[in-house]
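Take a look at the structure set out below.
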Amino acid sequence: MDHGRLMDDQMMLGSQVYPYTTQPQNSHCIIVNQIDGGEESKPVKRRRKRRSKGSSATNEEDVAEIGGMLRKRKLTDEQVNMLEYSFGNEHKLESGRKEKIAGELGLDPRQVAVWFQNRRARWKNKKLEEEYAKLKNHHDNVVLGQCQLESQILKLTEQLSEAQSEIRKLSERLEEMPTNSSSSSLSVEANNAPTDFELAPETNYNIPFYMLDNNYLQSMEYWDGLYV
């Protein structure tokens, strides 16, 4: 009995010091309000933290800053023309030049840097497109020239085949012809050939005497002396 009363006194003291205790129920822990007598087990709800006034003001400032940056991104035509002119002179943007351009145009240096970065990217893409167009045009010309060469090769191959066929036909005809007939035909053609040096029998050839020189007369006398 004394031991049980001692345990009750300790529990009563603990409930006064710790008003909320946990009691196991169906293998789950439930927070019990000891001050209310523990008649009903009510789970404790967590309260959401309220934002302080300073934090809300900070968020509003962030939104305003973002809106200001968005407004700064809208450039006028004059600013765009000046930036294009500066980019045409020099594609790279150094820190001193960036500050100078930003001061002249009334822009933020970061905005100028971002504009130059985007402009360089567009410029590089354009250069790549131009280089690709040149290479594609060169490739198309090479392919066209190759097709023309292949067509010429086919024509020349056909002509060569026809020439070889004619050569074979001529060789076969020469092999079929006998040698005697060829020699007789050649002799007949030689006999029938006209002779330009044959003299007509009834023609008188009178050579003037005065055309004969002394050497010719001396030779004639020499030959006449031999036959006397």
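Including glycine, each Cβ sits where the backbone N, Cα and C put it.
Looking at 99-127, 128-156, the range tied to region 'Leucine-zipper' in Swiss-Prot is 128-156. Secondary structure of the DNA-binding region (68-127), assigned with DSSP and counted as helix (H, G, I), strand (E, B) and coil, comes to 49 helix, 0 strand, 11 coil. Applying DSSP to the region 'Leucine-zipper' (128-156) sorts its residues as follows: 29 helix, 0 strand, 0 coil.
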